[in-house]
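Structure first, then comments.
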């Protein structure tokens, strides 16, 4: 426990110190890299609510990541072209305001998660994996074949969206904003895991029969967890699109879903900081190995095999020398 | 005499050609321990599953406190006052003893939709959970993880979770299994005192415990109740002796 | 819209469906017998296609190319099963997903390494190219007709294998009760390797057959894999019959939806908007079908009821 706390503190320190150092020595690319890691971490913490706490192996979370991305892309696109967005009888103006975009991203991905969750949770185990994967793919093909927002080519945004009181065009300010969101999400996760809801969710994963026997609806608890999880991953999607000032169907791809799971496993399931450490290590590997070889994914694959076959508990488990125990 | 707390009428379930329970009718009255005994494969597990609602009968009804609950899922029966314990412990093994008991208290409260305050710091949940743990003698192990408990302690925790529900009737699936002589004795005396709180339908292999505890006994053989009566009646029943001992020997 | 067009599209849908069946049959067997979810099944499809393209390039023989595809995929399957998959049978689904995801990365990047990023081309054999005239005067590509024939023949062969042979009995026993087949004295680990190799060979065959009408490239396997998952969800895990019916349903829905939905929308929308809406919805049609089946029957059309 104590070593894990130290590990978490060290991670936080690095998340502050590395970009600060990059600012001093004027390395904006490092800040961008760190922002990427932090946004991936938010998405993975979101997924971890479903996967780590609820035991729901969703291979379709790219759907929410992509919906968040397109929420940003579509709203900003309408704002920069001054064409209002018409949905049936409703006419909405586009926006370049992050809070509005975030809210839209969270609401739409939450609705999608509700729908996908209601269908997928009718099943369990391997069916659940295949179905979430399939629904993720559905959004991918929809994005490709829907021509209004760029189809396969995606949408570019000229200028990063704004946040009140900040200049988001300055990399370190945008980084700080993303880090703030990550800390909020981590705080929420910390509370949620210990709350009555988290207790019920945890128990629904470990002993589904028990939860029903004490009179609780385990499936509904899992559905709510799936929705919360989708909402957070959707928010991360909006941030990711803003980081790149670009959104494309690849955000919906099944590889994206797979990578989100990899972040969690690299770091360690159901550990508060597992997904954060996993996402940072992934971005670092991507950068370092990607610089060494065009075929760096081979090494990632090999590393992943080793982690799965030999190092259950991920990096946090390895370093803290303790098997994952929920508390 | 008052209505029985729990009653089954003509419960019938077959899997293809195999009849698992054949018109099982029995009741549990206030203040009693009603034991169900029978050889392996007599249909005890299938009967339990139908009573607690994880398996739908082909025909027949289950009545809880005068209300027909046959169509309700397990969690609704639990809410209406049926608390079961599992033969093979179904605990959240990665959680602590206290957390497992708090889950029961949360079930009794009925609403898990609280996201911020720690469950184990919620005064009401914690009080209910700790009171139950105290009664079964597990309070000193509240911080232990369920996975680290001995077999007997897991049994005690099963019972503690059932206690947090403050049920109208207990359904206990072999609470003595694997307890050893001392453990059995302790559990027997505990259950003995529990019957005044709520009656118990006790499905049990341990004959010493059954004859020590039960007010009435039903004998299940090949899915049928071949006899119901007081311990003395069952002891002297010829059918029971031949059918039951014949199968067992 | 003419009857000829409709029949043509139905045949296209059937052809797509039976190719999906070759993928889905292996996946569903592997899941049914070993309880394993294998994301790398699409990689075996790709291995088959590349092996076929390479052998056809050297020998010029399509039949040899098909044999090579099945052989290479089966060998890759046996290697993967003995080195990695075997350790995963008792693991939870999450580990299976990750390990087989890792295998995809290794297979895909390894193939890119060996063959480069550019697509290869595999020609349809001369004896099967050109159109054939069907009763009613419909001209249809001979090769695609052959694919339908091969797919149905494999389905029939698998059906016989499962119901009539010793291996088939062992496979069915394995689906019902793993302990039992051990008790019957069957060498489980050999049976598992065999089932895996069989599934791999079918995937390789599908990759090669489809490779001749599309291009052979890295990443070709995964979209087919995901469609095969949709097929299995619809048909029910472990059921060969379900895989066949699910595959044909998905093949027909996807093909006919893509052609007819835009037409349907033209009935009440402006043509440009109708085409966009219609094709966007068509891309979702099979998933909507899957959702509908799930609502109706959560374990699929022919899956075991819980």
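Glycine is no exception: its Cβ is also placed from the backbone N, Cα and C atoms.
Residues or ranges marked as transmembrane segment by TrEMBL: C:16-37 (among others).
TrEMBL lists C:44-62 (among others) with the feature transmembrane segment. Nonlocal intrachain contacts for the transmembrane segment (C:44-62), taken as residues 6+ away from its ends with a CB within less than 8 angstroms of a stretch CB, comprise 23, 26, 68-73, 76-77, 107-108, 111, 115, 120-125, 128, 199-200, 203-208, 210-212, 216, 218-221, 224-225.
If you look up TrEMBL, you'll see C:68-85 (among others) marked as transmembrane segment. Outside the transmembrane segment (C:68-85), and at least 6 residues removed from its termini, the chain residues within Cβ reach (under 8 Å) are 36, 38, 40, 43-45, 47-52, 54-55, 99-100, 103, 107, 192-193, 196-205, 207-208.
Counting only same-chain residues 6+ beyond the ends of the transmembrane segment (C:97-115), those with a CB under 8 A from a CB of the stretch are 37-40, 42-43, 46-47, 50, 76, 80, 84-85, 88, 91, 218-219, 222. Annotated transmembrane segment per TrEMBL: C:97-115 (among others), in sequence order.
A Cβ distance under 8 Å defines the sequence-distant neighbours of the transmembrane segment (C:143-162), meaning residues of its chain 6+ beyond its ends; these are 11-12, 14-15, 17-19, 21-22, 25, 124-125, 128-129, 132, 168, 171-172, 202, 205, 209-210, 212-213, 240-241, 244. Residues or ranges marked as transmembrane segment in TrEMBL: C:143-162 (among others).
Nonlocal intrachain contacts for the transmembrane segment (C:191-213), taken as residues 6+ away from its ends with a CB within less than 8 angstroms of a stretch CB, comprise 19, 22-23, 25-27, 29-30, 33-34, 38, 41-42, 44-53, 62, 65-66, 69-74, 76-78, 80-82, 85-86, 89, 122-125, 143-144, 147, 150, 154, 167, 170-171, 174, 181, 220-221, 224. Per TrEMBL, the feature transmembrane segment maps to C:191-213 (among others).
The transmembrane segment annotation in TrEMBL covers C:225-252 (among others).
Annotation comment: TrEMBL describes C:264-296 (among others) as transmembrane segment.
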